[in-house]
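Engineer: Sharing a structure below in structure tokens format, with a few things to ask.
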Ligand SMILES: [Fe+2]
């Protein structure tokens, strides 16, 4: 018995979860937690950190005291850490520079990078021919390669550099070559004949007389940047060969790829634009780089990160380079600044989420407006770039990031970040056009290989990873193809475990499926679920429930067994140790300490029985939930009788329903109305799952391992003059047998037996409804259908594209939650199969629904309502439709949300596409729409109903449809799962018995104890507890949820266009009004589907919500 495993209330899972969340939020001084609780490190972490610190400090001290004397001799003893670093660096890299390298051969096969320094424009022309054969190839070669270009870069910015200069002298001259010396020395030792040039505080000194056969180094404007050049070239080849050339001829042997990655130097294509024909002067441009902190870091990661910072100097993990919107006439690409390190300690700001660093650029005054920034992450781990703000004089330009920058170790290509201002492809500034195309190419991939976690490749694939062909009970069909059409998913490229059919490996149990890096949950969301929800659900909770209740896989025997789930606790013993991220003996030791004790599970009382424990028994509540429950999207107007099936009569029997005119007329009479009147006044409605389910009924009912029983149901409702929707009659069908049509009709009885039969029939309708809701309306029509839109948006629309920017908030977390669902929810043997009636045929059912009913143009709310006959077209109405039942809460509130989205989208689209022809000529947009139809929804590509995309009106309708699905539609379908389904009898997801008939063995038991017969048909205690855990998890708003009503805050930051900001502000204001209107409706006593004794109001489309299981709130995207 369940109560045998219940103990006194202690720490509840809920408390743990909320505690984990509030720990981060609550930093008030009045908080009552101990200091130790508030300290960011645990005792173990603190001890290890101190140990590492002591070892490191001792090592540093030893290095210091054993350091050789500075060879320069003129340097004072180091007085600070920066002096020490400087001395160490100079000793290591510069002192030994002395080289002679005559190079006559045109190409010696050396692939090392070359640095070409300008020839002297003032040189004597007569001498040129004489020296060309020598000087063209004269080179300076370092004795050894630089090992750490970042060190050098940092050196140039160190205060100590102000005391030093780089001296260059000719050591030896001759026609066979020259040798030079390069040495650092104190500026105070400058000689009278020295000429010194400074560049960004770095001084280079050389005797004025130095003139290498007419090539004057010190007078060349290019020369001061030599150290910088060395630095950049080293990053490519790790060996530098500097060629001093007198000839005005480019010698650039870099391939195109390298050219894009680094500054290219040649005499004809100088390092900087201002080195060309005339020197225009320079200006300083500041960059503020915001890096997002990691909220949770494993101890090993934290220590490694700190060590890396210490070794590389704080903040020196990133190089950034500005790219101008203007074209550099020499390269044909945008002008580029130098790659510049992000420097210094993070600035102290009142921003708990971000660290701030700065960088300074010196660019020519005519550099132009920066349009893109190239970012290279030199650290060994990824960095989350929040944004970069460029301050150019009085101009402030925002470069939104919100993106993970991979380590250069993982991929040598840097990232391109565009400025925030959206622009159509045809308006792209010339200087960044090439980068716009390059960035898009980089996310498309080549359709090959196993995707790595750091990648951001978006590609398509079929659902071939749900089953495992190697295990007999886990074989599942591939979804996506002519037999089983389905929307495409994001390709992950894992190895195949079978070639025929080609099924992808599912990896290890805890291995997550690939999603592009920026699609992954952020720390707060991940942390929320790691603490207690998704992680618990997928890895701990369900197995723990199974372990705790393994001997209790028995039916509920009385209703009080169910009630106990909300009053008492279930003891959960961890089935496996929690992973601390530490391996080996040490990890096992820590794991052992952390994995002590038990956790307890307790459920909240679901909203549907909170105020009225018996509401679920009533017919009007059954009808109300068809209009205002968690699945209000299948009810339709009944237009004629008898109802006809579209299934093949040879297989599925007579097409006419057993719900005849006679049966319905008799029931309608109870309301004082004839059947004709009821039709005329549009009072008859239908919930029809017959055709969708009947093809699966036999297969489902034959399941042996995990038995469940079902029918294909049809329910006819009557909408009374009092405003209540009541079920009139239910038809439950089994596939026909030779002597029986197997169509059973039930009506509300007036005696005890028919009364209980009616209850069982309603339970079977609910079971049908729960399966279709989860697999079709929730998973297929929101989650799965949205995935191709997201993939296409990333592959075909630049991050600069206005449509990308509009859709971006509505794509958040969807790929990740879908990947997690493929891993643990909808997979073969997963939670959905085990808890819902269709069992192993769940996804086949979903595919059949996609094949038979899904069409893009009917997914918008008004079109869907008209298709179902629940609304009529009416141009005088705001959304162009008039509801047949005014008190249809989902539709009435949904239309308010739909209208607000439509208004926003129309204004936005008109703003960016003022020219009517610009839609057709926007090649990115056209490619996006083509790909959605022809790749993302490949199996439907030839359908005639796909909307055209030629006008602003077309685009507005398409985008409104998508945003509605991601926000309002998903919220209405998703967040009521626990409030309505958390009480198993109200909405059984699975039934284990058919309704007994007089000759059945079960009938006697039914007559003797109908309550037990009802309860024993429901899911077992174990199954019910599992499904409650799933529904509660899927109904949860995480702490970092982003809501539609806050879109203005979300979007305002990325638009510097006041007009666009106004659209978002207006949208938020509209939603505030919507909220008020819904609250008002929920208090209107005339609206019987919203108000009544003990009845919960309809809140699923209220825009706002706190986090948790609230049964309200519209997030921007499908995030759970
Ligand atoms: Fe969902």
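Start at 1 and count along the chain as shown; that gives each residue its number.
Placed from the backbone N, Cα and C atoms, the Cβ positions cover glycine too.
Unlike curated entries, TrEMBL annotations are predicted automatically.
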Engineer: Do you know which of 447-467, 468-488, 489-509, 510-530 TrEMBL annotates as region 'Disordered'?
Structural biologist: 489-509
Engineer: Write down the single range among 46-65, 66-85, 86-105 that appears in TrEMBL as transmembrane segment.
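Structural biologist: That would be 46-65, per the transmembrane segment entry in TrEMBL.
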Engineer: Kindly report the helix/strand/coil residue split of the region 'Disordered' (1083-1106) according to DSSP, in that order.
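Structural biologist: Its residues fall into 0 helix, 0 strand, 24 coil.
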Engineer: Give the mean pLDDT for the domain 'PLAT' (295-419) on the 0 to 100 scale.
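Structural biologist: Across the domain 'PLAT' (295-419), the average pLDDT comes out at 82.
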Engineer: So how many of the residues in the region 'Disordered' (489-509) end up helix, strand or coil by DSSP?
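Structural biologist: When I sort the residues of the region 'Disordered' (489-509) into the three classes, I find 0 helix, 9 strand, 12 coil.
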